[in-house]
Each structure stands twice: as C-alpha cells, then as structure tokens.
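Chemist: Please find one structure pasted underneath; my questions will follow.
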Ligand code: NAD
Ligand code: MG
C-alpha cells in the first residue's frame, strides 16, 4: 500500500481546517495528520489533537502552550509544540510534510504559504489573501520549486475541475465565477449602513469563518477571487466574469470558444472541493450530503449590481492598477472588516475605508516577499489611524 500523505494543516481550528480534518478522518489509510496550527482556540485544538494525534503543533506564544499542556490528558504523549509565526514557516517546509493545507485567514497566512511554495510542497490553498497580496511572486515560487498548487476555494476548485488538460488558454473564452450575493443581496440599499455583524455573518448558503462571511456580504470576497483566479489560471482580467447565482449550486464555469460551458455542481459543502484537492487526481467519498437533482427547483443567474457591491468594483480597480494596489485592497479590507465586526465602523464604511486607502500614493515597490509584508504592515497602520474618521 502507498504511504499515507503526511498533512500539515495551518489554521486547523477554523472552518476550512475542520472540514479538512473531517475528510481526512474518513480515510486514515490515505492521510496522516502530521501537524496542525491554531491561533486562539486552544481548547478546540486540544480536542482535535486527541482525535487526530498530530506529531507537531504550532501555537502563537508560550501562554497558549501552557494552556494547551494544562488541558492535555496526562496519560497521552504530548505532541511537539512549536511557537510563533516563524514556527508556522518552519512547519510548512518541514521535510516530514508532503501536503500543506493553507487555511489561516488573512495575510497572516502569507509567509507560511509562500514558504511551502518555495519548498516545492503540495499546497491546498484556501488562503486566497496570499495570492491577492503576492500573486506574481507566489506563482514564480511555485514554478521554480515544482510545487503543486491545488485550489480549495470552491469557485477555483470548480474551474480547476472544468478545465480540460493540458490547459490551452486560447481555447477558453472566459471563466465565470459564481457568487451567492450574500445575506444582503435583496436588502434595501438605504438600510445597508445599519446592518449588524451578526446579520452580515449569517450567510444564506455557506457556513464559514467571520472574516470571509463579511467579505461575502460586501462581495469583496468575489473581488479577491477574481484576483485569485487571474493568478491561479494565468487569465487576463477581461476573461474573468462574475455572476450572482443565489442558489450556490453551480460553483463556477469555464466557457470555451466553441460555445460549450462546463460547470461543476454540488452542495455548498467545502468537504467536496477539499476532497477533490486532497485526492487529486483521484476522487474520494466524504460526509457531504447526497445531491439529488430532483431537489433542484431553479438555477438563477444575474449580473452583480455594483451600486450594491462597491467593493467588487474596488477590487477590479485594484487589479487593474497592479500588485501594489491589491496589497492595499486586501490590507485595508482586513482592518475594515475587523473594525466592523467590533462595531467600530458601519458595514458601508468598509468600502469607504478601502477606497480611501487605494487613493493614497504608496511608494514602495513590491519585488520581494519582505516588501509585500512591509507594504501590508504600512497600510494596516494607516488604515487603523483612519478608522477614527468613522463612527458606528
Ligand atoms: P476561520 O476564521 O474559521 O479560521 C481561521 C484559522 O486561522 C483559525 O484556525 C485561526 O486559528 C487561524 N488564524 C487566525 N489568525 C491567525 C494568525 N494571526 N496567525 C495564525 N493563525 C491565525 O476562517 P475560514 O473560514 O476557515 O477561512 C480560512 C481561509 O480560507 C480564508 O483565507 C478564507 O478566505 C478561505 N476560504 C474559506 C472558505 C470557507 O468556507 N470557510 C471557503 C473558501 C476560502
Ligand atoms: Mg469561494
């Protein structure tokens, strides 16, 4: 029997992390959880570690390690515990690791994902922010090292599945990303400045972490995904379309020059794209509910209204302006979303803060990953200072 794939899950306690562990648990012969990381939910990491028995854990600091040890059953061998952001990088490139699942949220996941790319790992990428902030450098690192990059973002996973191999760009007319439209797709526009974090996080079709849920409500998530698709599939921006598809059954499509459109359909359950990426090029069973075509009533599609979703427009503007602007877009959004979730700004201020940040002149060139981090840091600093202009 082939040796089990040894997996490192960065962001194991999150929504993607848990879905990944759920798929892995059904196939112990194929996968071994070698390492897991967590940032704040130490108690949850203890429970996951008891179940999945990793050899290595990554925690943010000594206090989290103390908390972990205090909760760990004394009759079980303690996993090796590594600490801090550097340990995330070291673990991503650990020679014992075959596959790195990049499931940390935000640009906090960039350094470890980039290190995995440089080290030639098999990478299951959920952390779209890494590609938004460093697309060109990231794809160059993948190419140079021979890393295998497999998208688990559902839209990109769908496109990956619908692309006939070898991929010939000239045969593709466009790729079409579907978007649910989020919880406010039919809300009166005049009410949007009063919506609460709880309403924004209540996604109609998907269950996800809080940051990406807010991104789905503003549709900045789709903007990040357009940028992600550009880098992953080496597509010019004008060949990437977005349609609102409220049912979230068609996860995305590839439209070929002969008029054929290939689509991937299924439930809104991340275990499906995760299974595909884990097993690629094979297929795996998983615990996602069975899909019955007879349950399907209607599939609707419409173009997004940019007055409702100004963040989508800002993402296109940033992408057209270049890599520096997509770093600004992403960093400003992370600050804005955190402030909205803390009820320090309004929902509609998210787009306003991003627009303010995109209007500024940012001088540094972004020709290295250190430069990406430096600009990300600077934008966060300035965006945080600007928060004072807004009030909840
Ligand atoms: P989540 O908030 O549920 O989990 C985030 C994980 O990142 C947690 O394990 C947390 O401990 C860790 N983390 C947070 N801040 C950190 C930091 N500063 N340093 C190290 N670790 C940190 O998020 P999620 O919904 O699982 O999303 C994770 C990533 O996957 C995001 O980039 C998101 O855009 C992408 N994604 C998620 C979904 C989904 O269905 N949830 C779908 C597609 C893509
Ligand atoms: Mg997605």
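Using N, Cα and C of the backbone, Cβ positions are placed for all residues, glycine too.
Marked as domain '1-deoxy-D-xylulose 5-phosphate reductoisomerase N-terminal' by TrEMBL: 7-135. Taken from TrEMBL, the feature NADPH binding site applies to 13, 14, 15, 16, 127, 129, 209. The 1-deoxy-D-xylulose 5-phosphate binding site feature in TrEMBL is assigned to 128, 154, 155, 180, 203, 216, 221, 222, 225. The feature domain '1-deoxy-D-xylulose 5-phosphate reductoisomerase C-terminal' is assigned by TrEMBL to 149-233. Under the heading Mn(2+) binding site, TrEMBL lists 153, 155, 225. Residues annotated as domain 'DXP reductoisomerase C-terminal' in TrEMBL: 265-381.
Describe the structural context of each listed feature in the structure shown, including burial, neighbouring residues and relevant distances.
Modeler: Per-class residue totals from DSSP over the domain '1-deoxy-D-xylulose 5-phosphate reductoisomerase N-terminal' (7-135), listed helix then strand then coil: 62 helix, 27 strand, 40 coil.
Within the same chain, residues at least six positions away from residue 127 (NADPH binding site) with a Cβ under 8 Å of its Cβ are 11, 102, 103, 104, 105, 106, 109, 110, 113.
Of all the Cβ atoms in the protein chains shown, 18 others lie within 10 Å of the Cβ of residue 203 (1-deoxy-D-xylulose 5-phosphate binding site).
In the three-state DSSP scheme, residue 153 (Mn(2+) binding site) falls into the coil class.
Taken together, the residues in the domain 'DXP reductoisomerase C-terminal' (265-381) have a mean pLDDT of 95 on the 0 to 100 scale.
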Chemist: Apart from 153, 155, 225, which residues in this chain have a Cβ no more than 8 Å from the mean position of the Cβ atoms of those residues at the Mn(2+) site?
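Modeler: For the Mn(2+) site the neighbour list reads 128, 151, 154, 156, 157, 177, 221, 222, 224, 228, 229, 252.
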Chemist: Express the distance between the Cα positions of residue 128 (1-deoxy-D-xylulose 5-phosphate binding site) and residue 16 (NADPH binding site) as a whole number of Å.
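Modeler: Residue 128 (1-deoxy-D-xylulose 5-phosphate binding site) to residue 16 (NADPH binding site), Cα-Cα distance: 12 Å.
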Chemist: What subset of the binding-site residues 153, 203, 225 lies within 10 angstroms of residue 129 (NADPH binding site), using C-alpha positions?
Modeler: 225
Chemist: If you run the three-state DSSP split on residue 221 (1-deoxy-D-xylulose 5-phosphate binding site), which class comes out?
Modeler: helix
Chemist: Looking only at the domain 'DXP reductoisomerase C-terminal' (265-381), how are its residues distributed among DSSP helix, strand and coil?
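Modeler: Taking each residue of the domain 'DXP reductoisomerase C-terminal' (265-381) in turn, the totals are 67 helix, 2 strand, 48 coil.
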Chemist: Tell me which binding-site residues (14, 15, 155) have a Cβ under 6 A from ligand 2; sequence order is fine.
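Modeler: Among 14, 15, 155, near ligand 2: 155.
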